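Asks: Quick one: structure below, then a few questions.
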Amino acid sequence: MIEVEINQRLGDFQLDVGFSGDGGVTALFGPSGSGKSSVIKIIAGLTRLASGRVVVDGTVLADGKGRHVPPYRRRIGVVFQEARLFPHLSVRNNLRYGRLFTPRDQRRVAEEPVIETLGIGHLLDRRPATLSGGEQQRVALGRAMLASPRLLLMDEPLASLDVARRLEILPLIEALRDEFGIPIVYVSHAVEEVARLAGKIVVLEAGRVARQGSPADVFRIAADRFAIMSVVEGRLGAPDDAFHLTPIETPAGIVWLNGLVRPLGRAVRVLVHATDVALATRRPEGVTIRTVLAGTVADIPDGSGPSVTVDVALQGGTRLAASVTRAAVAELGLEPGRQVFALVKSVALDERPL
Amino acid sequence: MPELSPDAWIAIALSFKVAAVATLWGVPLSTLLALVLARGRFPGKALFDGVIHLPLVLPPVVTGYVLLLLLGRKGPVGAFLDQHFGIVFAFRWTGAVVAAVIMALPIIVRAIRLSIEAVDARLEQASGTLGAGPVSTFFLVTLPLSLPGILVGATLGFAKALGEFGATITFVSNIPGETRTIASAIYTASQSPEGDAEALLLSVIAAVIGLAALVASEVIARRFRRASS
């Protein structure tokens, strides 16, 4: 449980941010310069809080009135954008570093499961300089975990990696989240990352909280139709090896994902751009679209532009935004309560971040 | 081939003893000073920096004279140490060590300071977030990463201490077997009509030792650069 309230001037930048988070991942999301990293530094104690409060698990770490617990007494782990491994220590000793300073009765995270989850067992005797960027970041994740922190901060941990490495590490962060139960505050400007990881998203804009809520709520609201996204959740089914597709089973139907994604049964989220969704009043035939989800129209906002974002309630309750022309809405006679089928192009979906 | 006199051998041995002890005291002291200069922020830092480097620009005889005034038996510090601890520096080889430490300090501090400043402060920050306090971070991160500079500083400081003359002879004089180092022995030999050969030989020895130290420090620095890249 974390509670953050910051009212502070940093140079010529005013930061006014308040949010709270419970277990799981709380994402700070926003463009660069929106103040995300400053918030992380204040929570970690690397920047002194001038006014506000930082409370973790009921302990006040900083109150802007003279209370400032130094970073090394906060037991808050940080994974930085750069791995920041100690170059003079082996991977093994990097991993064990935080343990030295963790009181025996608070060493909740054991070495083996972390090393196994991150797949770094074969690197233990190497020096950081000999590791690839992705390997370094995996070791940095392990190092932070093994200090058994009560909160883990991640400041754009994937930003300096290429797409393939991100794909490799994102599931590891998911696994850490699910297996070790340490709450995480995750900073990123990548929609796919936060949508996949976070239970709660805090959107920062120019030093303020623009909105906050679940991924599904946060991304459904945007002025620009290309920025409107829905989050659909389901479980991975058995991949179709011949055609390189993986089904995600949802109550409204099967979402087909590009590529072979495992393991079977894992809960996953996909982001669906509103502009990639079409609506039909009958289950269509003779189209190339593979993903057909059943639901009813929940809302059609009034508007005068050429397009409109229709809010569809899928079977099972998930909301899906579909950006369609007003002309089509009129022609099909779409109105709230009407049964529809949402069509999503499978090629628009995959699990790849970015 | 001229032979070295037994006195000259004693001077060489004494020089090594003085330089070794001066290095052992000077390096930890310099590391502390370098840390303060590299990471500390306090008013009067430039002045503090200047005082440490003063022996570099003062005539060595002035440094020696100041030491004599302060640490001599009748000097304020010297009298105190003598009365309370029975420690006497004046005209003792230990005084030669003090003079050598003071004269070598600027060189050692500079080498170590550059090395500490080259340590990525973000690593120290990471160490803090892993629970290490400032002292642990210094010994586990900053110090090991500054090791090349410390070794270079130690080597250069050793060479400087070995060759120190002006401050030493002013502070502790030129007593055979007690404070007559290589440099003082050369000076003595050069002042006597028959001493030319010995002065020359000792000079060559001093030059060889100095050069060896410079080469050693360069080799150390290069090896570390290669190891860390």
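Cβ atoms here come from the backbone N, Cα and C positions, even for glycine.
Heads up, here are the entries from TrEMBL:
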- B:12-213: domain 'ABC transmembrane type-1' (DOMAIN)
- B:12-38: transmembrane segment (TRANSMEM)
- B:50-72: transmembrane segment (TRANSMEM)
- B:84-109: transmembrane segment (TRANSMEM)
- B:130-156: transmembrane segment (TRANSMEM)
- B:199-221: transmembrane segment (TRANSMEM)
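Provide an account of the burial state, proximal residues and distances for the features listed.
Replies: Within the chain, the transmembrane segment (B:12-38) has long-range Cβ neighbours (under 8 A, six or more residues past its boundaries) at 4, 45, 48-49, 52, 93, 96-97, 100-101, 104-105, 108-110, 112-113, 115-117, 138, 142-143, 146, 150, 153-154, 157-159, 161-162, 177-183, 202, 205.
Within its own chain, the transmembrane segment (B:50-72) is flanked in space by residues 33, 37, 78, 81, 89-90, 95, 98-99, 102-103, 105-107, 109-110, 164-171, which lie at least six positions past its ends and keep a Cβ under 8 Å from the stretch.
Taking Cβ pairs closer than 8 Å, the transmembrane segment (B:84-109) reaches residues 14, 17-19, 21-23, 25-27, 29-30, 33-34, 37, 52-56, 60, 63-64, 67-68, 71-73, 78, 153-154, 156-158, 160-161, 164, 167-168, 171-173, 175, 178-179, 181 in its own chain, all 6 or more past its ends.
Sequence-remote contacts of a segment are chain residues at least 6 beyond its ends whose Cβ falls under 8 Å from one of its Cβ atoms, and for the transmembrane segment (B:130-156) they are 23, 27, 30-31, 35, 104, 107-116, 118-119, 123-124, 213-214, 216-217, 220-221, 224-225.
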Asks: Quickly jot the same-chain residues contacting the transmembrane segment (B:199-221) by Cβ under 8 Å, restricted to those at least six beyond its ends, or write none.
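Replies: Distant Cβ neighbours of the transmembrane segment (B:199-221) are 2, 4, 8, 11-12, 148, 151-152, 155-156, 158-159, 162-163, 182-183, 185-186, 189-190.
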